[in-house]
Amino acid sequence: MALTAAELEAIRRGLGRGPTPVELALFTAHWSEHCAYKSTRGRLSRLPSKAPWVVKGPGTDAPLVEVAPGLYVTFKIESHNHPSAVDPYNGAATGVGGIIRDILTVGAKPIALLVNLHFGPPQDAHAKWIAQGVVRGISDYGNRVGVPVVGGETWFDEDFTYTPIVLATCVGVVSAEDVPRGGVEAGDLFIVVGSGADKSGLGGSAFASKTLTEEEDLGAVQVADPLMGKRLIDLVQEARQCVKYIKDLGGGGLATAAAELAHWFGLGLEIDLDKIHMSDAEMGPAEVLISETQERLVLVTSEGQLPCLKALFEKYDVPYSVVGRFTEGGRLVFKWRGEVVGDVPVELAANAPVLEWPTRPYKAKPLPDLPQPPLDKAIDAVLSSPNVAKKAAIYERFDFDVGVRTVVKPGEGDAAVLKLLELGDVGIVVKGDANPRYTYLSPRLGAANAFVKAYRNVVVARGIPLAAVDSINLGSPARPEVYWQFVEAVEGLAEAAEALGVPIVGGKVSLYNEYLDKPIKPVVAVVVLGKIDDVGKAAKATWEAGDGIYLWGVTKAEVGGSEYLYRIFGEVAGEPPAVDYAVEKEILRLVGTWRPRKATDVGLGGLAAALAKMAVNSGVGADVDICKAPAETTRLDFLLFSESNGRFITAGEEGPGVKIGEAEGEKLRLRCGGTLLYKRKVEELRELMALRL
């Protein structure tokens with residue numbers, strides 16, 4: 001039971017009686033935090049979501065962003081944290097399947113996946129078991145349905161050893177004429193298609209709305225079926241002309257799908273639960289109602305279009321059931337073998353109470369006095385950190401070329417670049433970022449950092465940012481410090497979106513991410529999507545022998561929350577880097593003017609990590625004088641490792657900013673004037689920076 005005494009009383013008042021078992025199942029599922037956003041939806045309206053190019057914003061299964069007249073891109077982010085903690089393979093695989101189906105709801109063809117993953121330290125046996133299972137689940141599902149995994153990020157921290165944060169983003173494309181037209185009316189049919197209902201994932205939404213304990217709840221984890229998922233993708237590409245609306249049958253099962261659709265269209269809905277095709281004949285009506293069996297969609301169509309759909313169901317060998325009909329009157333009615341087993345007002349079901357929790361601010365540990373360590377050892381330690389390391393051990397498990405759209409592949413640049421085959425050379429640029437240490441130290445500034453980092457990655461790759469989606473992952477909102485984190489994170493996201501002119505068109509909040517009474521560091525992930533007019537001119541994080549190396553932006557004494565501070569001193573302290581939105585917008589202008597083909601931003605791990613990444617990517621060394629970098633600090637370790645925002649590197653004959661070095665030879669040399677600070681062969685760097693799982 002996920003309902004409180006106050007909620008049960010509200011249900012009794014709304015019904016004028018006690019709920020039946022089926023009605024109780026409905027409210028338990030649909031009023032869960034996972035489905036109803038009880039603790040968060042009142043605050044999320046603060047996020048700006050409108051722009052002339054936003055056709056459809058938050059509130060339904062997937063948004064729509066116009067990238068050219070008559071052509072839309074959709075993208076959405078989803079978390080599958082609790083399931084991945086207890087069954088990493090299926091938890092991650094079903095997370096990917098669910099986000100793909102969200103994209104299908106607007107009739108789009110899924111063209112790419114990105115994953116933002118947060119695990120415990122890779123040397124920990126349990127964390128490694130989770131990481132390996134999650135990566136395998138994502139790989140198997142994405143490869144089998146033919147949707148490439150083109151990018152993302154992976155973060156390692158002790159907080160995620162038993163409570164991983166597993167985020168998947170799917171991108172799709174659809175022409176305006178292929179978006180289901182809506183206009184649902186009384187008499188229209190409610191059809192369930194896909195896998196047969198079973199008990200896998202039963203109570204999954206309630207499970208995701210409570211804190212994890214040592215007692216694993218494997219029964220609440222759904223089981224993936226990528227072959228059925230692929231059939232649904234193919235079905236939708238033809239069926240979109242025969243339907244009025246498509247909805248994913250995911251969290252909350254039929255309970256949530258029925259309540260949301262009836263509410264959105266201002267209608268009632270009558271469903272015969274026993275008519276749903278099942279793979280478990282022992283299920284009762286309440287179980288059928290809240291089953292979260294994967295690979296299922298709801299299609300809404302008129303009686304006259306049913307023959308069109310039936311032919312497609314047969315063509316793609318997709319099971320289906322016509323189980324309900326929309327009605328006048330505003331009631332949700334559920335039947336089982338002819339008997340009414342549930343009858344509730346739509347508005348009661350659709351409007352869970354809004355919760356507002358108390359908040360309690362905290363102050364993070366101030367930055368201690370830091371002695372300067374031996375720089376060569378410090379550089380090696382930061383570059384070999386699993387957070388800075390090259391993630392080939394993960395992305396090489398993924399098929400990132402399927403679909404022939406991927407232009408800039410994982411590891412090659414700051415963001416994924418995909419060709420829109422429908423528009424010739426026009427494409428999209430997409431990147432997701434998060435830094436849990438930043439959002440722990442300052443939730444507001446940390447959230448803003450995630451936004452500007454993703455924004456800058458897209459810009460440096462030559463994209464023009466259009467829209468963003470976010471994912472906020474926290475502990476229990478009943479903890480005043482955690483709810484304060486949420487409130488502050490929303491403010492940080494709102495400030496960044498408003499200042500940069502990039503609307504937030506969707507998102508996800510996941511709460512109760514705790515283990516044994518310990519909440520995680522907050523994870524606020526932001527995925528920014530941009531447009532590029534010619535994918536052949538996208539920038540990659542590389543250089544060639546003879547290139548000048550140019551740095552634009554000012555390095556400040558900003559090592560609060562940095563990888564350097566944690567790896568060398570074991571500290572999580574200080575303030576995250578400041579954000580200057582005018583500087584970030586100036587980078588957009590500069591990139592548009594200079595049009596670099598070889599570039600990277602400076603972020604995690606500082607200038608040392610950015611230079612090492614470009615050397616490893618290109619196989620060419622460099623000679624760099626870090627003391628030529630524009631800076632507000634003279635400490636050499638801060639010049640190397642500060643994570644100040646508003647900086648990027650370009651390589652070529654000329655570039656914006658200050659020339660700090662030249663690409664040459666087979667070694668990376670970092671110096672200050674005539675003093676050599678660090679020297680390593682590129683092949684040694686490649687080995688040093690290789691993540692091992």
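Every residue gets a Cβ built from N, Cα and C, even glycine.
Binding site for substrate per Swiss-Prot: S79, H80, N81, H82, R101, E292, T293, Q294, S510, plus Q222 from the candidate set Q222, Q372. Among the recorded positions H34, E78, H80, D470, the residue whose Cα lies closest in space to that of R101 (substrate binding site) is E78.
Note: the CA-CA distance between D248 (Mg(2+) 2 binding site) and G507 (ATP binding site) rounds to 16 Å.
Proximity to G507 (ATP binding site), judged by a C-alpha distance within 10 Å, picks out E78 from the recorded positions H34, E78, N81, E292. Inclusion criterion for the recorded positions Y37, K76, H80: a C-alpha placed within 10 angstroms of the C-alpha of D102 (Mg(2+) 2 binding site); this criterion is met by K76. Note on proximity: of the recorded positions H34, Y37, E292, D470, the one nearest E78 (Mg(2+) 1 binding site) is D470, by Cα distance. If you measure from the Cα atom of K76 (ATP binding site) to that of E292 (substrate binding site), you get 20 Å.
The ATP site in the record is lined by Y37, K76, D470, G507, and its two most distant CA atoms lie 17 Å apart.
Within 8 Å of the Cβ centroid of the ATP site, not counting the listed residues Y37, K76, D470, G507, the chain contributes L44, P58, I77, V469, S471, I472, I504, G506, K508, V509.
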